[in-house]
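Some notes on the structure that comes next.
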Amino acid sequence: MSHHWGYGKHNGPEHWHKDFPIANGERQSPIDIDTNAAKHDPSLKPLRVCYEHPISRRIINNGHSFNVEFDDSHDKTVLKEGPLEGTYRLIQFHFHWGSSDGQGSEHTVNKKKYAAELHLVHWNTKYGDFGKAVKHPDGLAVLGIFLKIGSATPGLQKVVDTLSSIKTKGKSVDFTDFDPRGLLPESLDYWTYPGSLTTPPLLECVTWIVLKEPITVSSEQMLKFRNLNFNKEAEPEEPMVDNWRPTQPLKGRQVKASFV
């Protein structure tokens with residue numbers, strides 16, 4: 001059954017609960033990170049981002065965002081330690097962004113919104129594949145990185161330059177030899193909490209790891225994101241903007257910080 005969810009007035013986040021009742025669940029994402037309430041947990045290990053041998057495959061406009069997909073048939077591109085037990089393989093990354101530079105991120109920090117947010121999606125190898133992993137509360141680890149307006153990040157440029165060839169829903173092109181390490185900030189200090197996918201089916205299977213330090217993106221780079229379309233090629237044009245879910249109630253969850 002194909003649910004036509006999106007980000008518009010009639011199919012946007014406030015409607016998702018009708019088809020996906022877990023939208024009102026106990027561990028939904030994103031959230032606002034209140035830095036005063038987030039407790040430093042000295043037992044949290046430093047995050048190990050082992051992206052030495054990434055094999056990127058293609059980039060695709062899925063009508064909600066665009067995904068850069070990776071070969072996840074081996075442990076060459078993994079996330080481990082930090083709050084995680086075991087090894088999590090990178091399967092894809094995507095972004096959420098706004099119609100203007102003042103909004104676009106899904107998570108917020110003390111209610112502050114960033115221009116965009118990068119999600120690097122990893123699945124727990126103990127479950128064998130992504131489809132099985134999402135059925136478990138510790139199935140996924142998503143590394144969230146804020147983008148703030150500033151100088152252009154060189155590591156983003158190869159992505160940005162490809163967007164014009166995947167303007168509409170369903171379009172994809174080969175996208176090889178991309179190094180996701182170019183998307184990481186210098187510091188890997190993070191906040192972590194148990195949460196969910198931020199798009200339907202909104203499954204509560206994610207250990208969120210949100211980095212404190214943003215990367216920068218230029219206004220020119222952001223404009224290229226906004227040139228994408230939600231629609232398929234022959235359909236009326238709908239600019240792909242504001243593809244973010246608003247923050248959800250914390251419902252008693254504790255956000256932990258890896259830093260003082």
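Cβ atoms are placed via backbone N, Cα and C, with glycine included.
The Zn(2+) site recorded in Swiss-Prot comprises HIS94, HIS96 together with one of HIS74, HIS107, HIS119, namely HIS119. The Cβ of ASN67 (site 'Fine-tunes the proton-transfer properties of H-64') lies under 8 Å from the Cβ of ILE59, ILE60, GLN92, PHE93, HIS94, each on the same chain and at least six residues away in sequence. Rounded to a whole number, the C-alpha distance linking ASN62 (site 'Fine-tunes the proton-transfer properties of H-64') with HIS119 (Zn(2+) binding site) is 15 angstrom. Separating the Cα atoms of THR199 (substrate binding site) and HIS96 (Zn(2+) binding site) is a whole-number distance of 11 Å.
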